[in-house]
Amino acid sequence: MEPSHLKNIIHGIPKAELHLHIEGSFEPELMFEIARRNNIALDHDSITSLRKAYNFNNLQEFLDLYYIGAQVLIHERDFFDLTWAYLRKVHSQNVVHVEVFFDPQTHTDRGVGFDVVINGIYKALEKAKQELNISFKLIMSYLRHLSEEEAFKTLQSSLPYKHWIDGVGLDSSEMGNPPSKFVNVFEASANHGYKLVAHAGEEGPEDYIWEALDLLKVVRIDHGNRCLGDDALVQRLREENIPLTLCPLSNVELKVIQKMEDHPVAKMLDKGILATIHSDDPAYFGGYMNENYYETAKALNLNKNQLMQLAINAFKASWLSHETKEKHISQVRHYFNTLNP
Ligand code: HPA
Ligand SMILES: [Zn+2]
């Protein structure tokens, strides 16, 4: 397919984004603006020099910069501006539903209140619902390099805002921080009514995916790239329809795979896994939803049916009501039916 034709097709697909860290959507331009108004000095003297530092050999090298960038976020307005900028951007890419992660501990550990963080993020999400017609869910993610006790404190802080938060996740440094470390806090989170997801099998082994399913009882796996090495796991994912929220540009940038041509998403679709495509940390990895779809489709030579399946899978994997999912899925089908051959 011609690149411009493929881009046009992808642009027009109504899309759902289910794996997005709001702190990872922090574009350098906005980071400099917020740093200036908060009187915070950044390590880099220009946007160009900051962008040049975005060159990672692994997850940890990225996380080190990601946490530094987040330090300029202090006031509710900062969290609002961050979230609003992301929502405007994805609106321009025909994203109609988002399920957004935020990392409260990245901020509360610096003395920023949980209320400040969530008010800023939530108000932007509400505004996008009203003005951009984007529906949303909000997922609070525990940092796995910290202790389970710390996660429990975060759970406690979240309770006054429970009606705004749909689920909890698990992110940050995967190796050496297995899901089993968080069994109790996940169980407690479920008891408070939160849905459960976890990053697993991004850099970590298949075992971590099993643990996320069996011990944490998650309903969705974030990444899960490593599952194909384990036939029993593939069967489990397929039989239970467990979605994998994949992030192809992230995988290339963090050297989870060597090149996009090695991405497992097409094989996963072939095996009947509910695989979906998202952007993870778009400001750091060079692309939002359309760019993730495009680079993947180009490298793997995906056809229209595969693109349609990916878009449908994302709505299936979402936490929208059955009725709303069906509405979006029929819009995706209609869109592909109206495309010229
Ligand atoms: O890709 C990721 N993996 C783990 N933790 C993260 N926190 C932000 N992005 C990521
Ligand atoms: Zn992620």
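Placement of Cβ uses the backbone N, Cα and C atoms for every residue, glycine included.
As the structure is a computational prediction, the values presented were derived from the model and not from experiment.
Quick look at what TrEMBL annotates:
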ACT_SITE  Glu202  active site, proton donor
BINDING   His19, His21, His199, Asp280  Zn(2+) binding site
BINDING   Asp281  substrate binding site
DOMAIN    14-333  domain 'Adenosine deaminase'
SITE      His223  site 'Important for catalytic activity'
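Overlay of TrEMBL feature records on the structure.
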residue : record                                  : DSSP class
His19   : Zn(2+) binding site                     : strand
His199  : Zn(2+) binding site                     : strand
His223  : site 'Important for catalytic activity' : strand
Asp280  : Zn(2+) binding site                     : strand
What same-chain residues, at least 6 away in sequence, bring their CB to under 8 Å of the CB of His223 (site 'Important for catalytic activity')?
His19, His199, Ala200, Gly201, Glu202, Leu244, Thr245, Leu246, Cys247, Asn251, Val256
As a check: which entries in Glu202, His223, Asp280, Asp281, the recorded positions, place their Cβ less than 6 Å from an atom of ligand 2?
Asp280
Tell me which recorded positions (His19, His21, His223, Asp280) have a Cβ under 6 A from ligand 1; sequence order is fine.
His21, Asp280
Distant-in-sequence Cβ neighbours of the residue listed as 'substrate binding site', under 8 Å, six or more positions away:
Leu20, His21, Glu23, Gly24, Ser25, Phe62, Tyr66, Ser250
On the 0 to 100 scale, where does the mean pLDDT of the domain 'Adenosine deaminase' (14-333) fall?
98
Among all the protein chains here, how many other CB atoms are within 10 A of the CB of His19 (Zn(2+) binding site)?
30
Can you tell me how many other Cβ atoms are located within 10 Å of the Cβ belonging to His21 (Zn(2+) binding site)?
29
Which residue, of the recorded positions Glu202, Asp280, has its CB surrounded by the fewest other CB atoms within 10 A?
Glu202
